[in-house]
């Protein structure tokens, strides 16, 4: 009898082989790693390019490097202790037990979020724990890039003056004592998750926290130099648009990856994301034209971002028409707070939020959280949420209390970030100044890093401020470039 020919497919690809366990769904695993990469691209190079381009020329290197450094630092902190604080076994109602996510035995096992089992009030299991059909390694990396972009977004509030050494200390501390709390409370099985607060992909965990923490950090660090606050034109608007484009398209992984599977709800989330972002960009631009007579490119980017932020907590939970409504509101409410309220509120005037992160992320994020509680559609909720019969306020029933839950969840994130971020900033200031010394603030990148973004002069030339930054010498009190530019 002739023996059958050997299987031409390598063992690593065969079902039932050690590398392909029965629980593995290759489609889900592929999508999760792609989604993680898309989110990573939002930061590196997305926000690296955007930050390096939207600031004044003398801060291009410093701003881009703050984003790059934060990304790398978060990766190491995440796998060393922070992942399990966010998605591991419960330690406190708002925190998981710290521990490494580095061992082979842990990383190649089936992904599970052990604290995410949802219970009825009588103690019966309502929804089993989250257990996607791919390995822990995919889950750890996917959640890592979310943590990284949150810290980078926060950094947008303190560009152009925060001491880089202080930033090096700030990143791991804030990740550990702030981000992990929000992540566990809302996603990892904590008390807000159990209560039924809706946050599909980070309206609270990422955007509200980064916006509030950014404003708080800006308060403690102090403002930029007077000359930088009065005139801070972007050094490369076209390159800024390239960074913004990476941010927009990368959001497909941001919202499309959060069902932890390549399912119908993931598709809904991606479509809604683009609908809301496009609507918001158009509304912001129209408002600029109506009130300032000029369509601002920077304003359009701000509108794009507020749309992306606003839809995030409800991306896979609302219908397409609701995404349009959310886009109209995200293009107008943050515009109003940035262009009208900010200029009239003394407190906001005193706090130097370089890129207006408070408006684009905190205001737009909280708005999205509330609107999700209003528009979350029952069928879509059943595809994603652990609480049965979840719905938004417009659908009646249990939806009548959902907006209250959303408001309370956001209030917890705001309060925690105000307190903890302040403690972190004060603690760091006891060791090293939070703000750069005045000589570095005057010169910029060349003084801080010994490097400059654009080689527009001869090699070996001594620094002459009259050649390198005429804005700081022949200072003109002209309005910032772009009507919507807060920076």
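Here the Cβ of each residue, glycine as well, is placed from N, Cα and C on the backbone.
When the ranges 64-83, 84-103 are checked against TrEMBL, the one recorded as transmembrane segment is 64-83. Among the ranges 200-222, 453-475, the stretch that TrEMBL annotates as transmembrane segment is 200-222.
As a quick check, the transmembrane segment (30-52) and the transmembrane segment (234-254) clear the bar of 3 or more Cβ pairs under 8 A, pairs 6 or more apart, so the two touch.
Same-chain residues lying 6 or more positions outside the transmembrane segment (266-285) and placing a CB less than 8 Å from one of its CB atoms are 31, 200-201, 248, 251-252, 254-259, 295-296, 299-300, 302-304, 306-308, 310-312, 314-316, 318, 320, 323-324, 326-328, 330-332, 335, 380, 484. Sequence-distant contacts of the transmembrane segment (297-315) (same chain, six or more residues past either end, CB-CB distance under 8 Å): 50, 54, 198-204, 206-207, 234, 237, 240-241, 244, 247-248, 251, 254-255, 258, 268-270, 272-273, 275-285, 288, 322-323, 326-327, 329-331, 334-335, 338, 356, 359-361, 363-365, 367-369, 371-372, 375-376, 481-485. Looking at the domain 'Ammonium transporter AmtB-like' (30-454) alone, the prediction's average pLDDT is 96.
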